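**Student:** Could you have a look at this structure, given as structure tokens, before my questions?
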Amino acid sequence: MFGLFGIWRTFTTVVFYLTLVIALAGLVGNGIVLWNLLLHVKKGPLSLYLLHLAIADLLFLACQVAFSIVQAALGSEDTLYFAVAFVGFSAGLWLLAAFSAERCLSELFPNCCQGCRLTADLPALPRSQHHVAPGSGLLRLPAVLAGMFGLFGIWRTFTTVVFYLTLVIALAGLVGNGIVLWNLLLHVKKGPLSLYLLHLAIADLLFLACQGCRPRHTSAILCIVIWGLTLPAVLLPANACGLLRSGTRLLTCLHYHAASITWLLALVCVTCAAGLVLFIWVSCCSQRQRPKFYGITLGSMLLLLFCGLPFVLYWSLRPLLNFLLPMFPPLPTLLACINSSARPLMYFVVGRQPGRREPLRAVLQRALGEGSQMGAGGLALPMGHM
């Protein structure tokens, strides 16, 4: 009995200090990434998600380091630490899902994100494909008519149809979510689950309002919305289940916790589905070169599956796992720290060119910066329009 207890104490001590060392290394790595993204890397819509993701990882790792030091000094662990640290982790999960989904959609439908600028932002085409008689005061015909009998014309026709179909559906969704939001605010008695539906209607309304003509600052707005939604989405279930205070309201805890588990698993599914679709599209269907952030998207998906998902499961089944598997709780925290700390190393591997010695700033600029991206038909499209 005493031998098993000694082995268990040794195991938890090793995992504790290993977690602390990895978290400290991750703090340094994410600090370097954040410094370069803020000051030296040319940012675009997608790299803005990575900037906020580095902030979320930094917050999570800083909480882990601070709470580990407090735990080592006082010899006790407070459930408040776990809830506060999970805010940073869940914000990173939201941001990773948004980044992966936008990277996937911008590769599948590169022109739909700029459909309202088909004539204004279209790169110059050969005269045989795109010609307007000089001196005509009429608006230019859409480029889709210029290549009517070629593959370019067929592709532009398809993307234009998808664009206007998206616009019609977005308008209908705006009306529908507006009605839902009006009734939830004024006429429906709100409970724990309906409060999530209220915030979901607001998020859908913001998303649909940005469709059709993608505003320049859509990524920044989405990042702000994600940070705003993360706090209540984590702290409300934590408060109801007694992680922030001594009392526990069982029925309310079950309602909030069920909603929390649902949206967490939904974010994991969105991230993995976007990465899988992007991998299949680039490997089997696309004739263009690998898109920007392709390696980062796939690497982040694998890190989430093997290192981030156990922490999500631990949040979802914490009381049960603490009772049935007391040796399990330290491992998800260790894996979550690996998930957040390995991202800077992944950026370095993606941006590094074999056989060349370069400054770290140049490597991160290549991995995280956004320049020109190849669009449909091999035309260079600015990443700011994607």
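Just so you know, glycine gets a Cβ as well, placed from its N, Cα and C.
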**Student:** In TrEMBL, one of 137-155, 194-212 is tagged transmembrane segment. Which stretch would that be?
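**Tutor:** Residues 137-155 are the ones TrEMBL records as transmembrane segment.
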**Student:** Applying the under-8 angstroms CB criterion, which one of 14-38, 220-240, 260-281, 293-315 scores highest with the transmembrane segment (80-99)?
**Tutor:** 220-240
